[in-house]
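Trainee: Before we start, here is the structure in question, set down as structure tokens.
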Protein chains: 2
Amino acid sequence: MSSVDKQLEDLKAEIEDELPPGISVSDVKYEGPELVVYTRDPKEFASNGDLIRKLASKLRKRITVRPDPDVLMDVTAAREKIREVIPEDAGVTDLDFHVDTGEVVIEAEKPGMVIGRHGSTLREITKAIGWTPEVVRTPPIESSTVSNVRNFLKQEREERRDILERVGRQIHREEMADEQWVRITTLGCCREVGRASFILSTAETRVLIDCGDKPGAEGEVPYLQVPEAAPLNSIDAVVLTHAHLDHSALIPLLFKYGYDGPIYCTEPTRDLMGLLTLDYLDVAAKEGRTPPYESEMVREAIKHTVPLEYGDVTDIAPDVKLTFHNAGHILGSAVSHFHIGDGLYNVAFSGDIHYEDTRLFNGAVNDFPRVETLVLESTYGGRNDYQTDQEDSERNLLDIISDTHEKGGKVVIPAFAVGRSQEIMLVLEEAMRSGKIPRMPVHLDGMIWEATAIHTTYPEYLRDNLRDRIFHEDENPFLAEEFNHIDAGEDERQEVTDGEPAIILSTSGMVTGGPIMSWLRHLGPDPDSTLVFVGYQAQGTLGRRIQNGWDEIPMNDRGNGRGGRGNTLSLKMDVETVDGFSGHADRQGLENFVKTMNPRPEKVLCVHGDERSVQDLSSALYHDYNMRTFAPKNLETFRFK
Amino acid sequence: MSSVDKQLEDLKAEIEDELPPGISVSDVKYEGPELVVYTRDPKEFASNGDLIRKLASKLRKRITVRPDPDVLMDVTAAREKIREVIPEDAGVTDLDFHVDTGEVVIEAEKPGMVIGRHGSTLREITKAIGWTPEVVRTPPIESSTVSNVRNFLKQEREERRDILERVGRQIHREEMADEQWVRITTLGCCREVGRASFILSTAETRVLIDCGDKPGAEGEVPYLQVPEAAPLNSIDAVVLTHAHLDHSALIPLLFKYGYDGPIYCTEPTRDLMGLLTLDYLDVAAKEGRTPPYESEMVREAIKHTVPLEYGDVTDIAPDVKLTFHNAGHILGSAVSHFHIGDGLYNVAFSGDIHYEDTRLFNGAVNDFPRVETLVLESTYGGRNDYQTDQEDSERNLLDIISDTHEKGGKVVIPAFAVGRSQEIMLVLEEAMRSGKIPRMPVHLDGMIWEATAIHTTYPEYLRDNLRDRIFHEDENPFLAEEFNHIDAGEDERQEVTDGEPAIILSTSGMVTGGPIMSWLRHLGPDPDSTLVFVGYQAQGTLGRRIQNGWDEIPMNDRGNGRGGRGNTLSLKMDVETVDGFSGHADRQGLENFVKTMNPRPEKVLCVHGDERSVQDLSSALYHDYNMRTFAPKNLETFRFK
């Protein structure tokens, strides 16, 4: 008998000891990090209020109870019962019964009402029908990404269960290593912004954290070919801090290279990764590059995702526990905390963070039970990388909009689909509602609308007060009538161009392609209109060149502003830059994150910044807070224990 | 056609272009780092004075010319011819003809006379018989190690040629990597003395440098199980800096784990490794430990050895050239210099070094064409690790010997078989010859005699003036009549004990077992005798305890002084310590090595020293010479390019 089987047998006996008479346990299995308890008495289980919670705390496991298939109530009857138990206001939009696992997925507009106080309604449901309910939110704005992902996972449910069972046995395997160490190897993202990729390794376990591309340098990918990452299929787990491509783009590639294990991330990160990596393939194809993998690999990645919520302490290996915390950067972004061994060591990877609250998100969490080493992003770590206060920035932006409106022109804002667009939307919605600027249409072009829909699907990941507003449909700012989804292509753009003053938010954020190129063609020659940059423009992008004063813009066939055959466009519109809307902490924010961090880490590795930024931040943290700091290079290994 | 075959075809054409008419090339092959040129006209080849040297310099390859088998002169006739050409004084002791390669191995007491000025006699031989001569020295003192190794290699000649051919093709393969980097990973020997083991890696190549054990901590072996070393059979080359067990003990283990490539080391290192690793297995067995490998693996290691001489610049991978330089530490010890890429980077591993000249060896070489990073031993790197001048130490030792002689006692010196014993022998021989101490027998017990025989086999590796003396048999100090090999066991020891004043040099050097235990039993109770420590006594050894004043010594059955069942011995003999005979540079020597190094390296990694020593040395070198210095931990990776 394998050690895992023995372990499960012991757990079954322990659970049976804990259960009141009359509640049976027919089987016990691991599925990913969860312990699944099968019973012939699901209703009795549900009746015993705190039973599951008590078991979980006693066994120190995440526990799911499932009915034995042969005690399941007939689906038609169950469907009726569920409708009876759940209040009408919950807005149930779909019920999906899975006979193989005894689960019923309830999609509802107001999941909270399906769950009930402390899960009371869910327990009611089980008591009534025996099935185990699982609740998901009906997106308030229809999202093809969310529905595609959900349908795909539904369709792959059986294979997924096999994967999870395999992963679960792997997580709970017997520890074999007789040595102890904790190391971090840098496969990218050092003294550069992009291709985030790290290996956290112990004698027992290897975890890959992020696997991104490098914007503006497509050939420079993480060093996956080094022995430290080989063979890829022996890596225990992949952790994705957030969905931006410089962290996620090459996650699907791992599956092409033979990885077959779990991807841990939040649910919104999973969906956004799907959206962004498919777009990444699309852009590569449009630019005539051979994409490094096929879309099939994106589906593999999604199939292997194990979604975690902020705060869930989760076993991901015999000697590693992972906990995600809000990072304040984009939807679902997570500071990833690793607890290694039994109190041996703790490492936190910041991923990308924003330390102050923004309109969209609460500020990054920097409070942990323990942490000895912090791997910290340093995008704005340079000694002069201070940003304008968002309040000032907002006033600045609104002034530009008012002025342009007065001239009868249009405001064009290139923006990243995920994060900055929604932040600006919130600024605009409030400004119009409170009369700070005139009401006018705000057109959303490119993936912005879809990304916004995903945001509204996961309000739990947004800032508290925003979440509360989204819960009340009539206050959901993203549903304001000014917002218009450009979904009819060039005709619609021409119509907007010919029409009244308006605001246009369009991708790509660095003017490297996408519909923004079309907006430049339409409105670039109009001296009454204004182009406003609200995000970082990387070296080598057209956005940066326009910022620097270029007004003759090569427009090639590929529409990516990189020159080549094609016409030249004379830019006559005003060009403005408003900083302060970054998704990244500025230098002050990074220092504050470290300064107020609890507990203060002993060591900090400064990564995800250009050479100057990581060096500046590393030496400042060393001098001001007396910690050991490092500015690693790619392909180095640091040992901590 | 493979890229190597194409390369060989091109080389053949190029050689044919260079050769005068009438000299044919029938085939061209790689054997290890050498290019072997087969010809039907070996005599004509040899007649053309500088031909081979010119070819080698033009092709930048090491070249060996071999006759086609079917043009070989009959062995009996060839034997006669050779005897005619070589002067009688050369003292030829064996001729060994290898029909498969057309080589004849000539063993002679005076190899120089077989070679002739600039190889003239060798060329004479080839001109006369067509065979390619190879010369080895007849050991002036019979050495079973040397003769075993030579016989074994003779017997395995065919398989060895296959290995070398495979290695040769591997070395000259086409470079595949499209990235460039240079890294060092520490698998041991950091903040500790022992288990030397490093990986030097580029995008193309991985080289393992040393693989030793840790004295006094048998379980602590190099971290070969980490991904950086996996799979072991994909490592390109192993380089052994010298034969001491803390550098060599686990080299044979590599073959058990699947390594099948070359071991680069000097010839004496190869032989000493054979001697010491077999003894290592022996000691393990005697102490009841399971040896990590069988003696068969020692033979595998020897079979895979590619011996290099000091100063030979040798391709060991498509992008790595290795050059050994005298390290002054023990026989055959080498500072290992790696030139990477085409001028990309240079790293020197000091191995263990002695910077000043000693009686046995010239001081370590620290002059290189280029070197950016130095990996430096730090055994005596601590701020107070200054040793007595050897001159003072010698006077001190001689005084102790004279005093003991006067009392009618005996002097017992525990000594390492390799290195320190021969140094002390030279001191004693000179002292007696010059009348500084009375003539008396010097008994050599344990492996000392055998190790001395190996030293006399390779006088080229000894200090210039010593080498010259060995070349003249009547001046060979190791043949002085005072030296007696204890080869009749306990009876002989009893006889010595009962006899006149004498000196005994015996292993083990740290009194952890071996015949020294017997000498303690015999002479420990004699208050007129003296025990003199001349080498480092590690923490936890009986030697260290006796130094610290222990005079009740547990003698267990295993005779390793570790306690257990057995009797206790009361030590009545005097105990003295004379430092200054170390094979390691002291703190001053290490600083001098770096200070006078040409060129001065940019970075120094301080290894092979306890925590305090590496930290002291690292910070001193940083402050005094303004270099970037590091005190790595085990399992870290540093990137240089």
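From the backbone N, Cα and C atoms, a Cβ is placed for every residue, glycine too.
These figures come from a predicted structure and were not determined experimentally.
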Trainee: Do you know which of A:347-405, A:465-523, A:583-641 TrEMBL annotates as region 'Metallo-beta-lactamase C-terminus'?
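Mentor: Of the candidate stretches, TrEMBL labels A:583-641 as region 'Metallo-beta-lactamase C-terminus'.
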Trainee: A:H242, A:H244, A:D352 show up in TrEMBL as binding Zn(2+) 1; which entry in A:H329, A:H337, A:H339 does that record put in the same site?
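Mentor: According to TrEMBL, the candidate sharing the Zn(2+) 1 site with A:H242, A:H244, A:D352 is A:H329.
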Trainee: Around the Zn(2+) 2 site formed by A:D246, A:H247, A:D352, A:H608, list the extra residues of the same chain whose Cβ is within 8 Å of the site's Cβ centroid.
Mentor: A:C189, A:V193, A:G194, A:A196, A:D210, A:G212, A:T241, A:H242, A:H244, A:G351, A:E377, A:T379
Trainee: Give, as a single whole number between 0 and 100, the mean pLDDT over the domain 'Metallo-beta-lactamase' (A:194-405).
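Mentor: Value for the domain 'Metallo-beta-lactamase' (A:194-405), mean pLDDT as a whole number: 96.
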Trainee: Could you tell me which three-state DSSP class A:H247 (Zn(2+) 2 binding site) falls into?
Mentor: helix
Trainee: Counting by DSSP, what is the helix, strand and coil composition of the region 'Metallo-beta-lactamase C-terminus' (A:583-641)?
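Mentor: Counts, helix then strand then coil: 24 helix, 12 strand, 23 coil.
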Trainee: Let me know the DSSP-derived helix, strand or coil state of A:D352 (Zn(2+) 2 binding site), please.
Mentor: coil
Trainee: Within the chain of A:H247 (Zn(2+) 2 binding site), which residues six or more apart in sequence place their C-beta under 8 angstroms from its C-beta?
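Mentor: The list for A:H247 (Zn(2+) 2 binding site) reads A:A196, A:D210, A:C211, A:G212, A:L240, A:T241, A:G351, A:D352, given in order along the sequence.
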Trainee: Around A:D246 (Zn(2+) 2 binding site), which residues of its chain at least 6 apart sit with Cβ under 8 Å of its Cβ?
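Mentor: Long-range Cβ contacts: A:V193, A:G194, A:R195, A:A196, A:G212, A:D213, A:K214, A:P215.
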